[in-house]
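Trainee: OK, TrEMBL features for this one:
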COMPBIAS  60-102  compositional bias 'Polar residues'
COMPBIAS  110-128  compositional bias 'Low complexity'
DOMAIN    218-566  domain 'Arm-like repeat'
DOMAIN    683-843  domain 'NACHT'
REGION    48-142  region 'Disordered'
REPEAT    1259-1300  repeat 'WD'
REPEAT    1301-1342  repeat 'WD'
REPEAT    1343-1384  repeat 'WD'
REPEAT    1383-1417  repeat 'WD'
REPEAT    1418-1449  repeat 'WD'
REPEAT    1502-1543  repeat 'WD'
REPEAT    1544-1585  repeat 'WD'
REPEAT    1586-1627  repeat 'WD'
REPEAT    1669-1701  repeat 'WD'
Amino acid sequence: MTNSPKQAKKDTLTSRLEERARKILGRTSSPKDKSIANALAAVQLGPGNVLVPHGYTGSDGVTQRSTTSSPVPSAGDLSNLTPTTSPRASVTGSPAPTQKSLPSAPTPPISSKSSTTTTTSTTIASTPVSKTQSKPASALAPKSEPWLSIFPTKEIPPLFTTPLPIIGARIESTAQLAYTNMLLRRHSSTHADEAGSLDKPLPLDPDQQALLDAILKEEEEKAQIRWLATRVVEEFTGDALKDKETISEVVLLGPVLDREYHRKLINVLIGEFEGAKLLDVDLLEGLVEMIQCAGVDYLLADDLVKILTVLRLRLTDTHQQTSKHPYHIVLAISRLLDVMVEGKVRDVNRVTDHEPLLGLLAGLAGSDDIYLQHQAAYAYQALLHIPNDESKRDLVLRHGTTFVQGILGVASIMSLDFSGFAEGLAKAHETIVGTIELVDKVVTGAQSMREGGQGLWEAFKGGVLSGGRVIWYMALREAQEHIRYGRLADFNSYVFKVPCCRNVEFQWGICLFLGEIAIDPLWNSTTREHAVEFLGEIYKNPLLTPKKPDATVYSWILNVLRQISELKDVNIANHAQLMIESLENEGVACAQEQYKECVGGDSNPFPIRIRLTPPKSFPLLTKVQQIPKVEYEINLLRVQRLKEGANPLFIAPQARPTIQSPDDTLFPLMEKAMEFLEGPHKVLLLLGESGAGKSTFNVELEHTLWENYKKYGRIPLYINLPTIVKPELDLITKQLTKCNFKADQIQEMKLHREFVVICDGYDESQLRTNLYTGNKWNQSGQWKVKVVISCREQYLGADYRARFQPQAASRYSRGPDTLEHLEEAVIAAFNMKQVKQYVEQYCKSLTEADALPSQPLWTKEQYMDKLVNIPNLMELVSNPFLLKLSLQSLPLVVQSKKDLSSIRITRVELYDCFVRQWLEVNRHRIEFSPLSDDDRALLMELVEDGFVTNGLNFQRDLAEAIFKEQEGQPIVTYTHLRDKNTWKAEFFQPDGHCKHLRDASAITRTGNTFRFIHRSLLEYFYSTTVYDPFKYDPTEEGAVPDPPSDKDLKQEMGKRSFISEPSVLQFLAERVQHNPLFEEQLLGIIEASKKDDQAGIAAANAMTILIRAGLQFNGSDLSGIRIPGADLRGGEFDSANLEGADLTNVTLSKAWLRRANLSKSRMTGVEFGELPFLKAADMEGVQQLSWSFDGKLLVALTGRSNFGTAVTVYDAATWERVNSYPGRDAIATSPTQHELAVGQENWVVELSDIQTGTARIALKGHDSEITCISFSPNGKLIAAGSATERICIWSTDNGECERVLSGPSFPVRSLVFAPSNSQLVSCGTSGSPQVWDVKSGEKLATLQGHEGAVESVAYSKDGHQIASGGVDGTVRLWDARSGRLAVHGVAYSRDGLRLASCSSDHTIRLWDPSNGSARNTLFGHLREVRCIAFSPTEEYIASGGLDGTTRLWGAGSGLIDAYPGNTSAKLVCVDISPDGKQIVTGNNRGVAQLWEASTGKSGIKLRGHKDAITEVAFSPCGQRIATASLDTTVRLWDAETGVQESVVIHQARSITCVSFSPDGSQLVTSGHDHLVRIWNSKTGEAAHALEGHKGRILKAPFSPSGHQVASCSKDGSVLVWDPKDGTKLFDLVHDLKNVEQVIYSPDGELLISVIPGEQLFCWDARTGDRVEMDEVDGNVARCSFTPDGKFLTVACRDGVIRLWNRSPETGKWTKVLKTMIGAASWMKWSKSDKGDLHLVTLDKTGNLCIWTLHEKQQGVYTLQLDWCSGFEELSLVEAKLEGIEGLSPANLQLMTQRASIH
């Protein structure tokens, strides 16, 4: 009888298995062999019979060698088996004498070693045996399990392969492109050798390996292959139609994309998915595949949550188009959640994300659709494994306090003590009715934990929320990992060993994995067949039968097999079909029932899909490979720029982070630029003074980038901004057009290439706009760039960063947030090493043509000799351009001079020499070049008339025309046909005299554009229109100067304002310093303006030039002058008469106008750079400041003389006081409404109306003084810290206390919420700020680093930085630099780009948070500043101090002046010579300097110390100088020559003071070692070491007689010594600590000691007795006697100085003068030859001042400033202000406040 088709298929499978089984009989069986044999038996013996497992033994230990049939046992029937390893389903065997119980879960297998000793022979029954004759399976005991080896070995994970392309050939498909990129990545991966890495190199056949090796050797080929991948992504991004084909194509590249393009592609897919009205399954699967193949750091947790939210919203969509849609979305959610679990994503929002999705999945898990049901259950479990943001406390509150007490009250709950846990549950049963179900869930969770090993809390939480997390989910994840890495043998064993192997959901998932293997053509055919066999094994094996058999599992297995049987691959399809047929009578009863229903029913509506269907065509790649070719033109540009950019004289510069950064912050600029190009920032702002080398560096940077350029890499593009019209628009397009690129090429590069744009000369182009935002760089569809922009620092105004700061990119395109995208670097001056390098290279570049007539070329040694020995020249040539000018000019300068020390060279004189020499050399070149007769005749005419003079005039006139016609824009474009009738023709016509003059001038030409070779030369020649050096200065030939008349000069000065041209002003200022005649003429112009209404511009220019030159107008009569618009910042006008002056629009920032007469002057539009301070009559000190949310009100917590502290409210528009009401401890304003939180009595915080003070809610919870308050940014929470180590957090809605943080072990000084509202940082006396989780109350971090209490903390705008300020004097930005003085408050601006701190040094400092460097310092407070705040509008900064004032600053003025202040070293000590003619100072960089006392002119510098100088002292004869330093040495110098004579080593950590004995023979030093040492000043030998102090010694002067030395110390003592024998004479005890100064009266009778901030003490120097000085009051800082002893001067910390006269008859002290000169840290009197008394002072900012005491009438004294080294603050003390016109109310209030003495 003919067999049916069904039987035929079965016979075929049987035959194949028999054949394979015969091959393995008679030899040792591998696990794979055993699997085949068992599969054969399953078919041959029928569904009720199987092969006896090899190695099974009975309980007697006898090996069973025969096979008998047996009914298929149920799971319960297996309890009588005794396995040596885990048993397999469907086994039969002979009966055993004894039976033992088998546990419900398989036990671990025995080692492979023991299993190898068993018998290997096997018998196969030839005919089926009836079930009735079979013996029970319990009679067998397995010794090995063939089903554990269905997958016998580890396999190579599936990988799509294609032939590799030949170098230079076209890529045939996107699949080939992806495969090639994958190989490139794997064969160059840093993880290639790591165990288990998927990035291991692949074994290739020899031909393919050869192709790969060839590609790896060709950098350009590798770059093109990588570039093509990114271009395909960009093409997909820009394609409006994203169909199935293009999605499949682009997703092929997912695994090989770098982070940027991977995120970009995901971003596009999300957008498309969100915008699609109908569900696009391909789009969804593409998105999932991209997420699954993302690298470790490619996606942020927030990104995944965002995608999850999108999928959740789509799942809840009511208009789902088919029933399949929920399944596909849930499947996508499952895979996304797997990624989130693997990435350990935490803190998903419970309310908005976690619970809504749990609810959806829970509903779908109850669906009638079994496929959707199981997929939803999987996703549900995955979601439970992602912790939400609910704290334990919130969870407790949601589920009942009493029940939680029953559980959490057990002390052992968190230590995995199950007995304790059970006791907790028992207590819960006793105390709560109706919680049985909840407890049941907890128990379920505990059981899950017991099985899966998870933490008890997690199990408890999962049980309460959802019935508990279960082990099968993580078991499936583990199984999936085995498959992913090809560990199929481990997978095989794992499935049977895992405790949850009989779980329905686990089996469902395993079947899905096996189905995916079977249908995946990338696995080898054997592996796919094994997967089919594994499915059959799960169907049949009773060990895998669920405790409660579930028909859905069998249905699912059959559906999977049916899908496999329908594949086009005939072999695997047939194998699956045969397996289906073989299962007809297999399995438990419900399985057999499902068989008929499934085989005869419809197939699974949800087909298994392992990945998107590979595309049949590759449209994206086709488009990409049709793009216009641009690489050839790029290479031409590269060759051209490499040729043009080579600079043999380039010296790598150093740079600092900001203009005011110290030298110890220097870094190599080229390295910084390369780091910038690899980092996240977008713009590098390169600053430097004129000639610093910005352009040179830019060209070198471009040259370096072109040298390292790789095909398809970033393209460097140097752009000289002044050559581009409107560079703020289409800049790159305009430059590339100039470089001859075509429009289609430019468009291609715009869309698909990246650039490094080097923008040179921002200041020269006179831009005021933002290039980055104007050109829309890095926006969608725009140029992708990194930008370097250079600009002279002189042109930077207030808040200049806004002109360079790029806008942030979109969320998904930018990756992790950064503080900002702008970096800065300021080119530093050349050091000695760089100067030597430049000189050496310069000498190598010289040729004979460069030599002067009759002079040989100089050597390197000759140049260095001149640079070092000509006074001050080395400092001048630290500027690279000036160094170049110097080297070219020096041979001419010193041509006839032998005494180098007599040569004085200034910057402007270098330019004078340079331009003359340039013309001489080029005249010589033109003379010896071939010329036509006409051209030579024209040249000779010029030579006869004076070639150099004509050349100078030509360039001067050109510079004047450029400023007049082009407003200083330096590039001139000239085309003769177009411009021959314009002003340009005079200078650029192709013939005539101008041709020779132009060729000989310092002018460069590029095409039809002309410019001076350096911007500073344009400015130099423009300055010569005012001061022509060849008219003012006598020539070497003795020609008489012929300067312009006063009238002509005034006319020239009045043509145009120079105020906005700092370099021009600097040139002219140097002329003033060099030529007294020019100074007189400028003063004459100012004087003439008193009567000439038309002289305003000229006079304003003249005054500005003189101020830049350092001219002081102290005591000058300037009444009636007209100088509108002048820039007088930093000018000195002490006691000057400016009555009736026209000061309209004048800048007076930091001007010294003490005691000036400003009455009746016109001051409309005047700029002071600050605002008036706010102070009420009874205000004593400002403790805190806070702005209202809209910036309209400023609230201050102030001290009051009548009733303690109070709240004062000001109107920010008028600065008038709105209201004042009681407030005790702390304040904070709401960020969302006009509400104020105030700490009141009884430790209550009141929420009140800001203006009225009416309380809305009283917040209780503290038991001590409220120390600080902070609102959360969303205004919903408020936190307050107290003195008793506690922080309370309340709801602002209802006032309920939501959290108490009792962790701080210190009084809280400051606290603030993070911008996210989820965290809080607090600080206090512990010195370590602490970060808290607001919801859970957990302490997240302790920030250690401060020494001592931390006073204030602040978060940056993005929450990525915390700033803290402490009493240790530092502002700490975690991961940033710190500040330097005792800091009381810090505040970020709202944009996060500025950080302000206030300090005990009376200052406000502004910092750059990106690098921690200081930007500016604001002076004005007279005592320490306690608090600071930016206004919400960022228009103002408010600061409050113990001087009782609230000072307001324009936020822009707080950044940087257009003319930066003195950024050199700070002066820290000073002394004046005995004759009063010289002053010596020491600075914090170890350099001492001499000054002329009468003029302030700087002199010799004394260099040698390696650390800061702490004190300087003249010898009594004035011929020697002693300097003490922190480097532990005292150095002695010749005061006239500056030569170092000797060095004395004190042997202490540092030396704090030094002084000479009256005869100069001895020297006393002291320092940190608490010793006073006396030395022989000539020999340096030590005489005595005086012991007695217990703290650092601060001062130790000799008495006038030399018989005593008095030393004062930080230990609060003054000891008086005999210097001859070192005995202690007196111990002058002070009750208070820190005696900082001790001085003798000139007659030696009195000894004065000073405790800063307190008082001074007077002692009888002969007896040591205390002398009363009750009359002398004030907050004393320093004191000094006049040389004649007539007056005692007392300087107070508030800046007031008092002069006291002591009656010789009564000893009483009388105050004869009180005036304000600023807080002095050092002071000393001297007497001139004429008998005038001069006071030398040094303040805390390092300003050195000389004052003269005048007696106006008998007993009436005034103190007038002579000169100052530079002021840092505005002074209007005692100024006369009557009748001033045009002042704004704010400026009037400011002037009135500053005019008074406090």
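Even glycines carry a Cβ here, placed using N, Cα and C.
I'd like to know what surrounds each of these features in this structure.
Mentor: Per-residue pLDDT, averaged along the domain 'Arm-like repeat' (218-566), amounts to 74 for this model.
Residue counts for the repeat 'WD' (1259-1300) under DSSP, helix first, then strand, then coil, are 0 helix, 22 strand, 20 coil.
Note on the repeat 'WD' (1301-1342): residues 389-394, 1267-1268, 1270-1274, 1276-1277, 1279, 1281-1289, 1348-1355, 1357-1359, 1362, 1364, 1366, 1368 of its chain, located 6 or more positions outside it, place their CB under 8 angstroms from a CB of the stretch.
A Cβ distance under 8 Å defines the sequence-distant neighbours of the repeat 'WD' (1502-1543), meaning residues of its chain 6+ beyond its ends; these are 1468-1475, 1478, 1480-1490, 1549-1560, 1563, 1565, 1567, 1575, 1577, 1580.
Helix, strand and coil counts from DSSP across the repeat 'WD' (1544-1585) read 0 helix, 23 strand, 19 coil.
Outside the repeat 'WD' (1586-1627) by six or more residues, the chain places 1552-1553, 1555-1559, 1562, 1564-1568, 1570-1574, 1633-1640, 1642-1644, 1647, 1649, 1659, 1661, 1664 with a CB less than 8 A from a CB of the stretch.
For the repeat 'WD' (1669-1701), the number of residues in each DSSP class (helix H, G, I; strand E, B; coil) is 0 helix, 18 strand, 15 coil.
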Trainee: Please work out the helix, strand and coil residue numbers for the repeat 'WD' (1586-1627) from the DSSP assignment.
Mentor: 0 helix, 19 strand, 23 coil
Trainee: Per DSSP, what is the helix/strand/coil residue tally across the repeat 'WD' (1502-1543)?
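Mentor: Split into helix, strand and coil, the repeat 'WD' (1502-1543) gives 0 helix, 24 strand, 18 coil.
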Trainee: Please list, for the repeat 'WD' (1301-1342), how many residues fall into helix, strand and coil according to DSSP.
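Mentor: Breakdown, helix to coil: 0 helix, 21 strand, 21 coil.
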